[in-house]
Amino acid sequence: MAKKSMIAKQKRPQKFKVQEYTRCERCGRPHSVIRKFKLCRICFRELAYKGQIPGVKKASW
């Protein structure tokens, strides 16, 4: 879980556009966020296995 202070800091408008970054909407993790779903890889995997993300299925080959 991300610190509440870091989440609040990220929500404030940044002075420069390059300082903005994505954060997982579920847990607040700043790294490996899938932009389309706004989730980190860990939360995405959990929700995909539960079938809570429409259109996502487990790959097999």
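Any Cβ shown, glycine's included, is placed from N, Cα and C.
If you take the C-beta of CYS43 (Zn(2+) binding site) and look for same-chain residues 6 or more apart in sequence within under 8 angstroms, you find CYS24, ARG26, CYS27, ARG29. Under the DSSP three-state reduction, CYS43 (Zn(2+) binding site) is assigned to helix. Summarising the annotation, Swiss-Prot assigns Zn(2+) binding site to CYS24, CYS27, CYS40, CYS43 and lists sequence analysis as the type of evidence.
For CYS40 (Zn(2+) binding site), the same-chain residues that are 6 or more apart in sequence and have a Cβ closer than 8 Å to its Cβ are CYS24, ARG26, CYS27, ARG29, HIS31, SER32, VAL33, ILE34. A 10 Å cutoff on Cβ-Cβ distances gives CYS24 (Zn(2+) binding site) a total of 21 other Cβ atoms nearby, all chains included. Excluding CYS24, CYS27, CYS40, CYS43, which define the Zn(2+) site, the same chain contributes GLU25, ARG26, GLY28, ARG29, VAL33, LEU39, ARG41, ILE42, PHE44 within 8 Å (Cβ to the Cβ centroid), listed in sequence order.
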